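What TrEMBL lists as region 'Disordered' is 1-41. Per TrEMBL, compositional bias 'Polar residues' is recorded for 18-27. The compositional bias 'Basic and acidic residues' feature in TrEMBL is assigned to 30-41. For 40-128, the entry in TrEMBL reads domain 'PPIase FKBP-type'.
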Amino acid sequence: MASPDAQHNEHNGHVQLPSHTGVQRTTLRVGDKETRPTKGDRVVIHYIGRDERGKEFDNTYKRNMPFETEIGTGKVIRGWDEGIIRMTVGEKALLTISPELAYGSEGYPPMIYPNSTLTFEIELIEIKRKETTTQASSTRR
């Protein structure tokens, strides 16, 4: 059963989860439903970024080179930290991100105007787990 916050988008059959934080996520393709990144993991993604006019400003598919970053630690815009950490491997989602969780009042000239709401079509390809144990010294006596 869907959560009370979930709204069914009858037009395309996808569940749209409203965000109370400034990030709205619409699932375009369901992933494995189990494997989610956690804070500090590295994620490998493909994405297409568009401004609020629909103008594309970045596209990893066109470069044929996925993007890798640490997630949940402020290395990317907050909207990505909050949206990608909810995705599962293989999932493709559309994130609509408020200016406060993107580039704010400064923007990212010349590509992104100040106070722009951005949309990113993101595909989570792989998760590289953060190291959870300290490597023991390999020095032998």
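Quick reminder: no glycine exception, Cβ is built from N, Cα and C everywhere.
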Worksheet entry | Long-range Cβ neighbours of the compositional bias 'Basic and acidic residues' (30-41) (under 8 Å; 6 or more residues past either end) | 70-73, 84-92, 124, 127-130
Worksheet item: In the domain 'PPIase FKBP-type' (40-128), how many residues does DSSP call helix, how many strand, and how many coil?
Response: 14 helix, 36 strand, 39 coil
